[in-house]
Amino acid sequence: MAAKQPPPLMKKHSQTDLVSRLKTRKILGVGGEDDDGEVHRSKISQVLGNEIKFTIREPLGLRVWQFLSAVLFSGIAIMALAFPDQLYDAVFDGAQVTSKTPIRLYGGALLSISLIMWNALYTAEKVIIRWTLLTEACYFGVQFLVVTATLAETGLMSLGILLLLVSRLLFVVISIYYYYQVGRRPKKA
């Protein structure tokens, strides 16, 4: 009696098997959308970040605004550190400075924020740009409130202070505008 030989094994070609291909794609994370609506090519690009779509579609004027903000923060910081009397005089029109230390500390804080602004200018990461814009909007908003409260206490009013308040409100609006533009989901084509 001859032993029956088993039938030859058939290789399963996963490339031709639709269910297997779908399972493989799901495991690899290929072609799926994340919470931001971005399609990633692989799990590696999910881990490393995929900002290619954003670099193609930046809000108009964002980099110019980031540059102007960094220059503004740096300039005021250097002025507060080097010339505290002149900065105080420019804002509060001739009021006498009682101590230079708080103004210099303010300059140091602004210099730290300006370093963040300069670094955000060279990144394409949405999250970093949005946090920088939010920091900027909060800073200008707090500065507006502090100057307004100081005006209410002292009763000093001048053209310089009014220009400062109007400019701070404008800067808050611009920063919040870009904050929402950067965070906006791309339109489906």
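Heads up, the Cβ atoms here are built off N, Cα and C, so glycines get one too.
Here is what Swiss-Prot says about this protein:
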MOD_RES   SER14  phosphoserine
TOPO_DOM  1-63  topological domain 'Cytoplasmic'
TOPO_DOM  85-108  topological domain 'Extracellular'
TOPO_DOM  152-155  topological domain 'Extracellular'
TOPO_DOM  177-189  topological domain 'Cytoplasmic'
TRANSMEM  64-84  transmembrane segment
TRANSMEM  109-129  transmembrane segment
TRANSMEM  131-151  transmembrane segment
TRANSMEM  156-176  transmembrane segment
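For the topological domain 'Extracellular' (152-155), the DSSP counts in helix, strand and coil order read 3 helix, 0 strand, 1 coil. In the topological domain 'Extracellular' (85-108), helix, strand and coil residues by DSSP number 16 helix, 0 strand, 8 coil. Over the topological domain 'Extracellular' (152-155), the average per-residue pLDDT in this prediction is 85. Cβ atoms under 8 Å from those of the topological domain 'Extracellular' (85-108) belong to residues 76-79, 147, 150, 154, 156, 158, 160-161, 164 of the same chain, restricted to positions at least 6 beyond its ends.
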